[in-house]
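> Questions regarding the structure given below will be posed in turn.
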Amino acid sequence: MTDIFDQIIDGEIPAYKIYEDDAVLAFLDISQITPGHTLLIPKKHLQDIFEYDEDTAAQVLSKLPVIARAVQNSNPDIIGVNIFSNNGEGAGQVVPHSHFHIVPRYAGDNFSITEFNNAAQYSDEQYQKIANSITSHLQED
Ligand code: AMP
């Protein structure tokens, strides 16, 4: 299935490209949550993080700090960078082609990723049960 990012990779629709090699492409996100908001994607069509093979993971993730540093250094007003990836419609993924958002932060911008601390609701047993459940699924790789 071809998606809008495949079309950008193939040059069928334009994008403000930042970096490109055989395996990855970085370009400005059209929505510009903040100025410099960039996407890093694999050229291989992978819908989400769950479809990654080791080689593609290495190719994409090794470039994440490179792009993040470039974004950070591109403007002296940038005070930090949020990196996130939505995987699955339930997690807010809209474009079905894996991508990492690199969002530079500026003093007074209105962007926020809200984190909750639910630690008070967890016993040692509950933590251990969850950890065991996740660990038991590592072998599926
Ligand atoms: P997500 O909600 O994580 O799937 O994010 C998809 C992102 O793709 C959104 O932030 C969109 O603004 C961005 N996007 C969609 N179409 C384009 C496009 N043609 N060029 C650049 N970014 C795009």
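Quick reminder: no glycine exception, Cβ is built from N, Cα and C everywhere.
A TrEMBL annotation is a machine prediction, not a hand-curated record.
Feature list, courtesy of TrEMBL:
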ACT_SITE  His99  active site, tele-AMP-histidine intermediate
DOMAIN    4-112  domain 'HIT'
MOTIF     97-101  motif 'Histidine triad motif'
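Burial and contacts for the listed features, if you can.
Within its own chain, His99 (active site, tele-AMP-histidine intermediate) has Phe5, Leu39, Leu40, Ile41, Ser85 as residues 6 or more apart in sequence whose C-beta sits under 8 angstroms from its own.
Within its own chain, the motif 'Histidine triad motif' (97-101) is flanked in space by residues 3-6, 29, 33, 37-42, 45-49, 51-52, 60, 64, 82-87, which lie at least six positions past its ends and keep a Cβ under 8 Å from the stretch.
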